[in-house]
Ligand SMILES: C[S@@+](CC[C@H](N)C(=O)[O-])C[C@H]1O[C@@H](n2cnc3c(N)ncnc32)[C@H](O)[C@@H]1O
């Protein structure tokens, strides 16, 4: 009886975590509909623009997407795209298509998410030619491996796996030709916070052990010990969504420490208020004209509660320390 209860609880918890990918995509869909940035592909994953989001939410998403893209693109340029990218907990992310359009595709772009999320993503790809065509165009043979829980092509691979189960994750990535010798960028955008500190540390450690030249970029909450953080935690808990890893989100120091304790050479972290202030000023002026922002303080508070942390190890001496803001 006790075992059955435990199974049911953890299943409900995982379901709530999986649902967060819809929240992220709906917010991105709304912000792109307002013109914050361009994403011609997100409409194929989220059909409706959906209900209005407050201007501070849209600006927060703008900073999140621009911040992550900035480090991703800098890594791709540094390696001249002779590298691979793994996006952990990618959800319905559309970065593969952006990179293809911008001629910035790495040798192979991998995504991992729960099998149920991956199944939905693959269904959308299969049924929407604007999504499937770029994958077929970058694939050399006639046969493409697609089943319910994985898609494998020459340049793009989607894997259904639980990031907390490392032996199985490692086996699946290697089965789909992950190359430990290639410089590798690992991305996690609002993902590690749903795992316990031990589980996320093990994942980050696995990455440090597997690749000699790599960068890990993690976006998630920070400064969560104050009242604002407490309200965020309670709001999510009300939806059965537990921030199991919130302990690591105390400060920029605790974010960096996770990497420094698990085999990474160096780690940096900025809160999103700092990132916001260093994003290209001309585009910033453009987006700040899109919607009137009444709640300037609220935006500032929101930005101070998210961060980007990036860590690297650079055996090939590519100059990864220069990949920064
Ligand atoms: C908030 S969403 C973010 C999605 C995407 N990274 C973005 O920013 O648009 C979190 C994602 O992480 C995935 N995720 C969380 N824990 C995971 C785990 N243990 N294994 C696989 N995926 C996980 C969820 O299914 C969900 O798609």
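Each residue, glycine too, has its Cβ placed from N, Cα and C.
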Next item on the list: Among 189, 198, 209, indicate the single residue that TrEMBL lists for the S-adenosyl-L-methionine site containing 64, 89, 162, 163.
Entry: 189
Notebook entry, point to check: Who sits close to residue 64 (S-adenosyl-L-methionine binding site): which same-chain residues at least 6 apart have their Cβ under 8 Å from its Cβ?
Noted result: 189, 219, 272, 306
Checklist line | Where the record names 64, 89, 162, 163, 189 as binding S-adenosyl-L-methionine, the maximum Cα to Cα distance in Å | finding: 24
Check: Out of these binding-site residues, 162, 189, which one has the fewest other C-beta atoms within 10 Å of its own C-beta?
Finding: 162
Check: Near ligand 1, which of the binding-site residues 64, 89, 163, 189 have CB less than 6 Å from any of its atoms?
Finding: 89, 163, 189
